[in-house]
Amino acid sequence: MIATTGKVNLLGLTQPQLESFFESIGEKRFRAGQVMKWIHHFGVDDFDAMSNIGKALREKLKASSEIRGPEVVSEDISSDGTRKWVVRVASGSCVETVYIPQNGRGTLCVSSQAGCALDCSFCSTGKQGFNSDLTAAEIIGQVWIANKSFGSVPAKIDRAITNVVMMGMGEPLLNFDNVVAAMNLMMDDLGYGISKRKVTLSTSGVAPMIDRLGEVIDVSLALSLHAPNDELRNQLVPINKKYALAVVLGACRNYISRLGEKRVLTIEYTLLKGVNDQPEHAEQMIALLADIPCKINLIPFNPFPHSGYERPSNNAIRRFQDILHKAGHNVTVRTTRGEDIDAACGQLVGQVMDRTRRSERYIAVRELRADPAASAAGNRS
Ligand code: SAH
Ligand code: SF4
């Protein structure tokens, strides 16, 4: 467990929250903008480095607050440029953050929870169960850490991180307030200045929270569909038993239509051999998505030990893609990245504390990967 200091962590505060903080300590609100630039643009965590803030105020800040990101446990760089950080959060668990450079873009895949309660049958994060929600500081802290590791400066040009996807560990809509605060910081010019189109929240389909999201923010939305009918989706994505396809897709349609400006829903579909990869599934998907502006991202299953699933053959993947394509859909297949550093979707496990023996030890999730056949198959989609 990381010791807490009782100080306010300024890293996770949005501009209005930081303004209120300064007011609460008897200072001017404009200080918030100055401090945000130091934190997010320059990656500073030492008040003494803030040269436009007088010594007296710096001392006052040191007494009441801190700038504390999650602890970096490891940083791996793949031969293809993909990077992966394992960071430890206050609950003691570790989560993973992945950076994927591709076609002039740099996409950072950020975690929202340590573990996940939703237990999708093909997801290794789900297999760990839920451990803790990340704080807003721990979520934006992943962007802060990645940005610092690229030596980023405040210039808007040549930025390493152009896109952020909430597609790491956890279900972001079940950690709503912290995720929304962190996404606001990603988009704020005093934060990371990333356009709303390039910040994407991915959900397994927590329908009422999709409605709530639409009331407070206008980021891009991705739905983890994975099955074109309720019967199959109930098995693969258990939250579907609570919010069936018609309800979830209705919520997504409303969310997207509110955004206007030709924005579309991203549909993520993990292809599982012999389970959801047949032509009939593609046909059902076409009917299901007929009136939803969307683009489809097929994710060939990334194997992990004892999952019970296999990745379809390249032919089966192509056949599935072709059927959707011929029906007029924009369909991409996520390519393999970060193979040598275990950075694939659904393989992000970090280390989650065993809830039954919380204080004694961590489950060494990496040990699960000791199965050589599985690690040879490990890859990024
Ligand atoms: N909880 C959110 C965010 C995680 S996003 C959600 O489910 O949408 C990670 C994406 O990778 C999701 O679409 C998820 O279903 C998918 N995924 C999980 N395990 C996978 C695996 N083993 N292989 C390929 N994709 C996987
Ligand atoms: Fe949770 Fe998403 Fe994994 Fe499902 S796919 S268990 S919602 S992280």
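A Cβ is built for glycine as well, from the same backbone N, Cα and C atoms used for every other residue.
Just so you know, TrEMBL annotations never went through curation; they're auto-generated.
Within 10 Å of the Cβ of Glu96 (active site, proton acceptor) there are 26 other Cβ atoms, across all protein chains. What TrEMBL lists as active site, proton acceptor is Glu96.
As annotated by TrEMBL, active site, S-methylcysteine intermediate applies to Cys345.
Summarising the annotation, TrEMBL assigns [4Fe-4S] cluster binding site to Cys116, Cys120, Cys123. Other Cβ atoms within 10 Å of the Cβ of Cys123 ([4Fe-4S] cluster binding site), summed over all protein chains shown, number 26.
In the three-state DSSP scheme, Ser224 (S-adenosyl-L-methionine binding site) is classed as strand. Residues or ranges marked as S-adenosyl-L-methionine binding site by TrEMBL: Gly170, Glu171, Ser202, Ser224, Leu225, His226, Asn302.
Per TrEMBL, the feature domain 'Radical SAM core' maps to 102-340.
Look at the Cβ of each of the binding-site residues Cys116, Cys120, Leu225 and count the other Cβ atoms within 10 Å; the largest number goes with Leu225. Among the binding-site residues listed (Glu171, Ser224, Leu225, His226), Glu171 has its Cα nearest to the Cα of Cys116 ([4Fe-4S] cluster binding site).
Mean model confidence for the domain 'Radical SAM core' (102-340) is a pLDDT of 94. In this structure, the recorded positions that sit close to ligand 1, with a C-beta under 6 angstroms from any of its atoms, are Ser202, Ser224, Asn302, chosen from Glu96, Ser202, Ser224, Leu225, Asn302. Separation of the C-alpha atoms of Asn302 (S-adenosyl-L-methionine binding site) and Cys123 ([4Fe-4S] cluster binding site): 9 Å, rounded to the nearest whole number.
Looking only at the binding-site residues Ser202, Ser224, the densest Cβ neighbourhood within 10 Å occurs at Ser224.
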